[in-house]
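Chemist: This is the structure I want to talk about, given as structure tokens.
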Amino acid sequence: MMKLKSNQTRTYDGDGYKKRAACLCFRSESEEEVLLVSSSRHPDRWIVPGGGMEPEEEPGTAAVREVCEEAGVKGTLGRLVGIFENQERKHRTYVYVLIVTEVLEDWEDSVSIGRKREWFKIEDAINVLQCHKPVQASYFETLRQGYSANNGTPLVAPTYSVSAQSSMPGIR
């Protein structure tokens with residue numbers, strides 16, 4: 001299913017959830033620093049770069065496209081962290097790891113809407129996301145669980161259902 005928004009086509013899965021893709025963009029393979037971008041709706045808040053998938057677009061391709069548009073970075077797409085449901089907003093987001101190899105000086109959203117980007121230590125990123133984007137904060141917990149459960153790499157990408165209302169989202 002598709003719906004037209006003023007500047008894009010939104011795609012939905014069979015359950016009516018908007019199909020999205022995002023990346024945890026790390027400065028290096030050590031995955032100690034992650035890149036967050038300012039929200040287009042609330043420029044004083046930080047978010048994980050990502051957005052809606054286009055018709056017929058694969059999740060990994062969408063994730064790479066979105067981070068280039070929103071964060072102005074390119075890199076090596078890594079593992080799928082998981083597929084996260086935001087029941088409140090009816091989104092399903094495929095979240096990947098991306099190791100940044102190129103940082104653009106000017107990029108689409110910096111020019112069009114003045115979007116900013118900043119590197120954060122993982123704990124700091126979790127803290128800034130927790131109050132207004134708890135679903136996104138949960139990406140990092142899932143990343144940690146994947147490391148411990150499978151010695152560094154998740155074998156199967158699980159689907160997580162989280163409520164954006166809780167201060168510490170529960171994974172069901």
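Each Cβ is built from the backbone N, Cα and C atoms, and glycine gets one as well.
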Chemist: With K18, K19, R20, S39, S40, R41, R89, K90, H91, R115, K133 listed by Swiss-Prot as substrate-binding, which of these, R10, R27, is given for the same site?
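Modeler: Answer per Swiss-Prot: R10.
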Chemist: Give residue numbers and ranges for long-range contacts of the motif 'Nudix box' (51-72): same chain, 6 or more residues beyond its ends, CB-CB under 8 A.
Modeler: 2, 8-11, 18-23, 25, 35, 37, 80, 94-96, 98, 103-110, 115, 117
Chemist: Quick one: largest C-alpha distance among R10, K18, K19, R20, S39, S40, R41, R89, K90, H91, R115, K133, binding substrate per the record, in angstrom?
Modeler: 25
Chemist: Sort out for me which one of E66, E69, E70 has the most neighbouring CB atoms within 10 A, since those are the recorded positions we care about.
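Modeler: Counting every other Cβ within 10 Å of each candidate, the maximum falls on E70.
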Chemist: Which residue, out of the binding-site residues R10, K19, R41, K90, R115, shows the minimum number of other Cβ atoms inside 10 Å of its Cβ in this structure?
Modeler: R41
Chemist: For K90 (substrate binding site) and G50 (Mg(2+) 1 binding site), what Cα-Cα distance in Å is obtained after rounding to a whole number?
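Modeler: Counting only the Cα atoms, the answer is 15 Å.
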